[in-house]
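Notes to accompany the following structure.
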Amino acid sequence: MADSNIANSNSSDDDTLSDYAELIVVRHGETAWNADGRIQGHLDVELNDVGRQQAAAVADRLSKEKAISAVYSSDLKRAFETASIIANRCGVAEVITDPDLRERHLGDLQGLLLKEAVDLKPDAYVASSSSRTDQEIPGGGESFEQLYRRCTSSLQKIGMKHRGERVAVVTHGGVLRAFHRRSAPAEKLPGKILNASVNKFHLAGEEWILKTWSDISHLNETGYLATAFGGDNTSG
């Protein structure tokens, strides 16, 4: 499991919540395409039964912690359903959707099995893993830079609006990689971003502090901890 106790700032844990927004960013629960290793991107795939169990587990965890004042989500089904389960369990009346929290558009790779993508769409496959952040993916796909700009701007706005509050945000693996880059630019991504994992950020103005990364301790008793969690992170 990835390190679930990361603090990338000199700021003290004793800072009062009024000094920042505490954003609990959750990757959506598992889908059938995650389990199969099929690349999703912007394609709208709903949760499978395992994913709903995972969403219920993370919702139960959050309901027992400090109160959640708002729930935001990508508008894709797999994120929105996860967010709706969290909102219902935490007593939040509605889920606020934002398309800027969507997964990266992966162009010609979308709908393909990851293991076949390199042979069927080699140009798109190479582009998706390019070290160039401005490299767009053939077939209408985004560059990492485009993804980064839209999703970090979205989370920044949420943080500014909800300073002094604790908010849940449900999104996707690619988006979480961008958030990690924003909060810890000098650090290598520490392993997979697992389905229904909890990732905690403190936003104080323009400062982003990563407090918890890829915590799945709430899944220990669900019977689903040993699943593939969608396999490779590119599946969304």
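Each Cβ is built from the backbone N, Cα and C atoms, and glycine gets one as well.
Per TrEMBL, the features are as follows:
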BINDING   R27, H28, G29, E30, T31, A32, W33, N34, R78  substrate binding site
ACT_SITE  H28  active site, tele-phosphohistidine intermediate
ACT_SITE  E103  active site, proton donor/acceptor
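Neighbour counts were taken as the number of other C-beta atoms within 10 angstroms of each residue's C-beta; across the recorded positions H28, T31, W33, R78, the minimum falls on W33.
Annotated pair T31 (substrate binding site) and E103 (active site, proton donor/acceptor), C-alpha to C-alpha distance, rounded: 14 Å. Of the residues the record lists as binding substrate, namely R27, H28, G29, E30, T31, A32, W33, N34, R78, the two whose Cα atoms sit farthest apart are 15 Å from each other. All chains included, 30 other C-beta atoms sit within 10 angstroms of the C-beta of G29 (substrate binding site). Separation of the C-alpha atoms of R27 (substrate binding site) and the residue listed as 'active site, proton donor/acceptor': 10 Å, rounded to the nearest whole number.
A gap of 11 Å separates the Cα atoms of R78 (substrate binding site) and E103 (active site, proton donor/acceptor). Summarising the environment of E103 (active site, proton donor/acceptor), the number of other Cβ atoms within 10 Å of its Cβ, over all protein chains shown, is 28.
When the alpha carbons of the residue listed as 'active site, tele-phosphohistidine intermediate' and E103 (active site, proton donor/acceptor) are compared, the span between them is 11 angstrom.
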